[in-house]
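See below for the structure under consideration.
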Amino acid sequence: MSAAPRISRQGLLFALIGLAGLALPLVQLRPNRIVPGEPLSLPASLGWPGWALAVPLAAALLALLPARLPPWAGLALGLTGALLSVLALGWAATALIAPDAPLARVSPAAGFWLLLLAFALAAADALARLAPPVAWRWGLLLGTVLAGAAILSSGVLGDISVMREYQSRHDVFWREAGRHLLLAFGSLGLALATGLPLGVLVHQVPRLRGAVLGALNAVQTVPSLAMFGIMIPLFGWIAATVPGAAAAGVAGIGAFPALVALFLYSLLPVVSNMAVGLASVPPPVAEAAAGLGMTRAQRLWRVELPLALPVVLAAVRIVLVQNIGLTVIAGLIGGGGFGAFVFQGLNQTAMDLVLLGALPTIALALVAGVALGLLTAQAGGAPLERTAPA
Amino acid sequence: MIEIEHLTRRYGPRAVVNDVSLTVQRSEIVALVGTSGSGKTTLLRMINRLVEPSSGRVRIAGTDTATLPPHQLRRRIGYAIQGHGLFPHRSVAQNIATVPRLLGWDRARIDARVDELLDLFQLPPEEFRDRRPQELSGGQQQRVGVARALAARPELLLMDEPFGALDPVIRAQAQQDLRRIQRELGTTLLLVTHDMTEAMFLAHRIAVMDDGRLLQCAPARDILTRPASPLVQALAGEQARPFHLLSLSQVADLAQPGTAEGPPLAPETSLRDALAQCLWSGRDALPVAGGGVVTLAALRQAASGETGRTGAGASVKAGVPSPPASPPAPQ
């Protein structure tokens, strides 16, 4: 018990997950996009080159075990392993799809997802222990995004079912992607434009605090589906009765109610974090700013807002990640975005189509979350999370 | 010169500061002492109008402070507080430059002033200019806080427990630095403290407050020997009175002809330290450098407040340094 363990506990977990992934089927081969298919492991789908891939993958997983593994090596193993897993998936699909069966689909199965999870966790864990400077983290984020884009555009994954769905509707895909970003960022922009001044007001006029935050809290408790549901009759009625409203874009269904609902959800984090950020300015600092002869506006702009910035950026992060996810629901009321694919796919029981909506949403949320976390760190906010050495 | 006339601040029916009048001369140091809640901080904050008076008037160099916009008034008055209140997102130089920037000084003049102040506070500019406040020690932060308050050469400096967060050794050093700098610059200084030893060491006059009222404002020796009321006597610290009295004079004031064994005391050693030396070494007389001795009997007489040799007031205060090795004991 007292001796230092020579096998890291995280490493063991990652290796077990990854080895389970190798043992489970990597892909599913189906005659068409709807019927259930036949699960195939990596060697079964690729033959001897499959073994040539499986062995180094297993070796990489076992290499994660030693407790004394340097973090940079863990990071390299994680990134390389994730890349290899994705490539293996693409190659397996290409090998399995016969030219005479154009409707056949190869989709990633549990084995692939577990492999990817194991290597991604290993990379994330190593990164947390490495705690590199923020500039390095930006570089890593950018590199990962570029690598992902390069793989997707190289065509290696072209025979995967999700990419098949993409190929058959790539025009629609980019339109919905644009719509998704517009809804998520547009609602954030609106929330910042109104929420930040409101937060300042709540801080400076404490009497308003209870009422404003209470109302926003109430909004926050409305379930998203119910919220979208309320928007339909409400804005439908306004569009029908208020002259000019319909011409201005107000409508019961579509992007408008989606934008309004997302905006309302965004307000609470923005307003409350603005107020909390201002309240967290140390009293002697606020007192000194006043005592040295700053006007109220100078105090706000030169001292209080800069010091509240990390807390505000934390709110922006929460709201952006939340809105990127919630925008999927907007697909239900014709708001567009990646949700359109998700709900279309659900209706057609076509999981590939669901994934075409879900995967980019997850990727967007991850990138936005990491990027804003880095911005917060640069603004002198909460130190980047560190894990205790294993 | 600051003239405080019938200044009152009420919160509801309660008067936190009640009809206080006080005049502070140019280049004078006045310490406001009293228990927590005695109104000393509120009185200080009414001078730069961080608290608006309910009634009464403050005039600085003849100008009624109520006639100026508060932020312009405050730019003319230095202000340093406990916990320093440095801006954590600004460098040391930017912190010190706060008021000059508000006043619109040009860049070169600000830079020169910042370096001048850093030198004055013994913080080498090349080393400290670009540091963040968090990277400094407590004593350094406090010095930067005072430097910031003095940046625009205010004629008046207000300090609210400026040394409250420092440990005793650093605090003694900071008090000596403050006195040195005040003497160099001739700034009028109004200081809130709850530490009677600190008030005795720094101030020409001590203003004792209780329950919003000014009980007495007089030189330290008068506060100790002629308290205006039993309450002043109690607030001045009855038990420590002889030691306070001894700390107000130096051995040069008490030296008499004679010779004694042992290493000589410097003439500016405080009587308090001389007494400590006598007690510790078990001797009845100590030699003073440059001739003469100071005797235990003379010290005893001085401690009883009966010595008539030193006049009260600024002239006495000006010459009582306390060596860094023996800082005033914290209360």
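FYI, residue positions are counted from 1 along the chain as it appears here.
Glycine too: its Cβ is placed from the backbone N, Cα and C atoms.
Model, not experiment: these values are computed from the prediction.
These features come from TrEMBL:
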- A:45-65: transmembrane segment (TRANSMEM)
- A:72-98: transmembrane segment (TRANSMEM)
- A:110-128: transmembrane segment (TRANSMEM)
- A:140-161: transmembrane segment (TRANSMEM)
- A:177-372: domain 'ABC transmembrane type-1' (DOMAIN)
- A:181-202: transmembrane segment (TRANSMEM)
- A:214-239: transmembrane segment (TRANSMEM)
- A:245-268: transmembrane segment (TRANSMEM)
- A:303-320: transmembrane segment (TRANSMEM)
- A:326-346: transmembrane segment (TRANSMEM)
- A:353-375: transmembrane segment (TRANSMEM)
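Note: the stretches the transmembrane segment (A:140-161) and the transmembrane segment (A:353-375) are in contact (3+ CB pairs below 8 A, sequence gap of 6 or more). With a cut-off of 8 Å between Cβ atoms, the residues of this chain six or more beyond the transmembrane segment (A:72-98) that come close are 11, 18, 26-27, 29, 40, 42, 45-47, 49-50, 53, 56-57, 60-61, 63-64, 104, 106, 108, 112, 115-116, 118-127, 129-130, 144, 147, 151, 156-161.
Most Cβ pairs under 8 Å to the transmembrane segment (A:353-375), among the stretches A:45-65, A:181-202, A:245-268, A:303-320, belong to A:303-320. Fewer than three CB pairs closer than 8 A are found between the transmembrane segment (A:303-320) and the transmembrane segment (A:110-128), and contact between the two stretches is not assigned (pairs 6 or more residues apart).
At the 8 Å Cβ cutoff, the transmembrane segment (A:181-202) and the transmembrane segment (A:45-65) share fewer than 3 close pairs (sequence separation 6 or more) and do not count as touching. Tertiary neighbourhood of the transmembrane segment (A:45-65): same-chain residues 7-8, 11-12, 14-15, 18-19, 22, 26-27, 29, 73-74, 77-78, 80-81, 84-85, 88, 91-92, 95-96, 115, 118-119, 122, selected by CB-CB distance under 8 Å and a gap of 6+ residues from either end.
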